[in-house]
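Quick notes on the structure that follows.
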Amino acid sequence: MAGPKLGKKSGSKLGKLPAKKKQKKEPLPAKPLEKEELFSDSEGTDGDFQEDDEQEINSDSEMSSDIDDPFAADILGSGDADDGSDVNSDSNADSDSDADDNDLVRKSKAIDDERKREEEDNDLELQLNIKEEADDFRLPTTEELEEETQRPPDLSNLQRRIKEIVRVLSNLKSLRQEGVTRKDYVDQLKSDLGSYYGYNDFLIESLVELFPPVELIELIEAFEKPRPISLRTNTLKSRRRDLAGVLLNRGVNLDPLSKWSKVGLVVYDSQVPVGATPEYMAGHYMLQSASSFLPVMALAPQENERVVDMAAAPGGKTTYVAALMKNSGIIYANEMKESRLKSLTANLHRMGVTNTIVCNYDGRELPKVLGQNTADRILLDAPCSGTGVISKDESVKTSKTAPDIQNCSQLQKELILAAIDMVDANSKSGGYIVYSTCSIMVEENEAVIDYALKKRDVKLVPCGLDFGRPGFIRFRQHRFHTSLDKTRRFYPHVHNMDGFFVAKLKKMSNSKSAAKSSVQSEEVQGAESIENSDQQDSEEDDDKHSDKKGIANENRKLKEEVAGDKKRKRVQTHSVKKGAGQNSGATKNGKAENQVVATKKREKKKPLPREEIAKAREEKRKALREATRKATMKNK
C-alpha cells in the first residue's frame with residue numbers, strides 16, 4: 001500500500017515541477033499559453049493516477065521505472081523547450097533583419113526602375129516631337145471640311161490643328177505647304193478658333209487683326225479663366241495692414257495686390273464669403289477689379305477740387321476718388337440708367353462718402369446742367385462693348401457685331417466732347433480728362449481720342465502708370481496722332497487683369513475751336529504720317545523719291561497760293577480806301593450802303609473750315625502722286 005501512496009505524491013509533485021520551470025523561462029506575452037500548459041499538467045496528473053491504479057496491480061520494479069521515465073522526460077522536455085525558445089528568438093531577430101534588408105533592396109530597385117521608365121518616356125517624347133516637327137502639316141481639303149460639318153465637332157482634332165497652324169504661321173517660310181498662302185492659314189485658324197471657343201466671325205476677325213497668332217491664343221485662353229478677386233481698402237475707415245490682419249484671422253488667404261497699388265489686396269481663397277463679412281458691411285473695403293483702379297490713379301484728384309464722374313455706377317471709382325480727396329471738395333456722380341442708382345447710393349453710404357452729389361442725366365447733356373468750363377477734373381469711364389471682360393460675360397463672344405461697335409464709338413465721341421467742354425482750362429490744379437473703357441477695340445479707344453484731339457484744343461499727357469502697353473499710332477489703314485503712344489492698354493494674358501484702355505487729356509483753352517498752334521502741329525504731324533505711309537506703300541526707291549519731290553512741289557504751290565492771297569487782300573484794302581475817299585461827300589444812305597458792302601466783303605474773307613482745307617490738300621497731294629507715278633512708269 002505504501003508504494004501506491006508514494007507513487008501518487010511523487011507523481012503529483014513530478015507533474016507540477018516542470019510547469020513552474022516553464023512559467024519562469026517563458027516570455028511575458030505568452031500568458032494564455034501558461035493556462036493551457038497548466039491544463040495540460042492537470043491532465044498529466046490524472047494520467048498519473050491512472051498509472052498508479054495500474055501500478056497497484058503491476059510489480060514495484062515496473063512502478064519505479066514508470067516513475068523515473070516521466071521525470072526524466074519532463075526534465076529533458078523542459079530543457080529542450082528552453083533551448084527551442086532561445087533559438088526561436090534568435091531566428092526571429094535574424095529574420096526581421098533579413099526582412100528589413102529585403103525591403104530596402106526592393107525599394108531601391110523600384111526607384112531605379114521608375115527612373116529608367118522616366119528616362120525612356122522622355123526619350124520617346126523627344127523623338128515624337130522631332131517627328132512631328134519634321135512632318136509637314138497640311139490644311140484639310142474642302143471635302144474633309146464638309147465631312148467635319150456633317151459630324152459633331154471633334155475638339156481634340158480642332159485643338160491639334162490650331163496648334164499646328166500657329167506653329168506654321170510662326171515660321172511660314174520654312175513650314176508652309178506649297179501652293180498655300182498665309183491668308184489660307186489665317187482663314188482656317190479663324191474658323192477653328194470660332195468653333196472651338198465659341199466666338200462669332202466678327203470678333204475673331206477683329207482679334208486676329210489686333211494680335212499675332214501666338215499672342216492671340218494666349219489672350220483667348222486667358223479669357224477662358226476668371227481673373228483673381230481683388231479688394232480696395234477704404235482709407236476713409238481703415239488701413240490696408242489692419243484690414244489684411246482682420247481678414248486673415250477670418251480665414252481669408254490674401255496678399256498685397258502689386259507694387260503699383262497701396263490700397264489693393266488680392267484674394268486667393270476664403271473660408272467665408274468675402275462680400276458678406278462684417279468689415280465689408282461696415283465699409284472697410286470694396287470688391288473691385290484691379291483694372292478699375294487705373295483710371296482713378298491716372299486722374300489723381302486733389303483735395304478741394306470739383307470732380308465729375310460721368311458714368312459712376314456701381315460706385316467703385318467714385319468712392320476711390322472720394323477717398324483720395326479725403327471727403328473734401330465736391331464730386332458729381334452721374335448715372336444715366338435709373339436702375340443702377342440704388343447700388344450707387346448704397347455703396348456711397350456704406351463707404352462713408354459725404355462729398356458726393358448723385359444725379360441722373362444723359363452724359364451728353366451734363367454741360368447744360370452743370371455748366372461749361374466749371375469742373376477741375378472729369379472721369380469718363382465710357383459705356384463700351386465689353387470686349388475686354390469676356391471672362392466675366394461670355395455672351396460678348398456671340399452678341400457683338402460691327403454695328404454695335406460703331407454705335408458705341410459714336411456715343412463715346414459725343415461723351416468725350418461733353419467732358420472736355422465741362423473742364424476749366426484755367427483751373428489752377430486741374431484741367432484734366434481721363435477717358436477709359438473695358439474694351440480692346442481700336443474704334444472705341446484710339447479712334448475716339450484722335451477724334452477729340454481734332455475737335456477740341458486738348459493734348460495727351462502721360463497717365464502716370466508705369467506699366468501697360470502704349471496705344472496704337474498706326475493700325476491697319478488708320479493713322480492716328482503721334483502722341484497716342486502716351487495712352488495705355490492692359491491685357492489679361494499680360495497683366496492678369498481685365499482688358500482696359502486709359503488715356504489722360506489736358507485742356508489747353510476754353511474755346512471749342514482748336515488754337516492755331518495745335519492746328520499747325522496737326523498739319524506737320526499729318527504730313528509726317530503721310531510721308532511714312534508713302535514709304536510703307538511704295539515698293540521701289542524711285543517711287544519714294546518721286547513722292548518726296550511731289551510733296552516738295554506741293555509745298556511750293558501752297559506757299560505761292562498763300563502769297564497770292566496776301567496780294568489780293570492788299571489790293572482789296574487799297575481799293576476800299578480809295579472808294580471811301582471818293583465817297584466822302586455822299587449822303588448818309590450812301591454811307592450805309594458802303595458799310596453793308598464792306599460787311600459782305602468781310603464775310604467773304606472768312607477762312608474755310610479746317611476739314612475742307614485738309615480735304616482739298618489731300619486731293620491735291622493725291623493728284624501729284626498719281627502724276628509722278630505715271631511719269632516714272634513712262635520713264636521705265
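Even glycines carry a Cβ here, placed using N, Cα and C.
Quick look at what TrEMBL annotates:
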COMPBIAS  1-11  compositional bias 'Basic residues'
REGION    1-154  region 'Disordered'
COMPBIAS  25-38  compositional bias 'Basic and acidic residues'
COMPBIAS  39-71  compositional bias 'Acidic residues'
COMPBIAS  93-102  compositional bias 'Acidic residues'
COMPBIAS  103-119  compositional bias 'Basic and acidic residues'
DOMAIN    219-508  domain 'SAM-dependent MTase RsmB/NOP-type'
BINDING   Ala311, Ala312, Ala313, Pro314, Gly315, Gly316, Lys317, Glu335, Asp362, Asp381  S-adenosyl-L-methionine binding site
ACT_SITE  Cys438  active site, nucleophile
REGION    513-636  region 'Disordered'
COMPBIAS  543-565  compositional bias 'Basic and acidic residues'
COMPBIAS  566-577  compositional bias 'Basic residues'
COMPBIAS  606-629  compositional bias 'Basic and acidic residues'
Fewest-neighbour residue among binding-site residues, criterion Cβ within 10 Å, set Ala311, Ala313: Ala311
Number of Cβ atoms other than its own within 10 Å, given for Gly315 (S-adenosyl-L-methionine binding site): 27
Tally of residues which DSSP labels helix, strand or coil - the compositional bias 'Basic and acidic residues' (103-119): 17 helix, 0 strand, 0 coil
Other CB atoms, at most 10 A from the CB of Cys438 (active site, nucleophile): 23
Nearest-integer angstrom distance between the alpha carbons (Cα) of Gly315 (S-adenosyl-L-methionine binding site) and Cys438 (active site, nucleophile): 16
Count of other CB atoms lying within 10 Å of the CB belonging to Asp362 (S-adenosyl-L-methionine binding site): 14
Residues in the compositional bias 'Basic and acidic residues' (606-629) grouped by DSSP into helix, strand and remaining coil: 20 helix, 0 strand, 4 coil
Chain-internal residues, separated by at least six, CB under 8 A from Lys317 (S-adenosyl-L-methionine binding site): Ser292, Pro295, Val296, Asp309, Leu379, Asp381
Cys438 (active site, nucleophile) and Ala311 (S-adenosyl-L-methionine binding site), distance between Cα atoms, whole Å: 13
Rounded inter-Cα distance in Å - Asp362 (S-adenosyl-L-methionine binding site), Cys438 (active site, nucleophile): 20
Span of Ala311, Ala312, Ala313, Pro314, Gly315, Gly316, Lys317, Glu335, Asp362, Asp381 around S-adenosyl-L-methionine - largest C-alpha separation, Å: 20
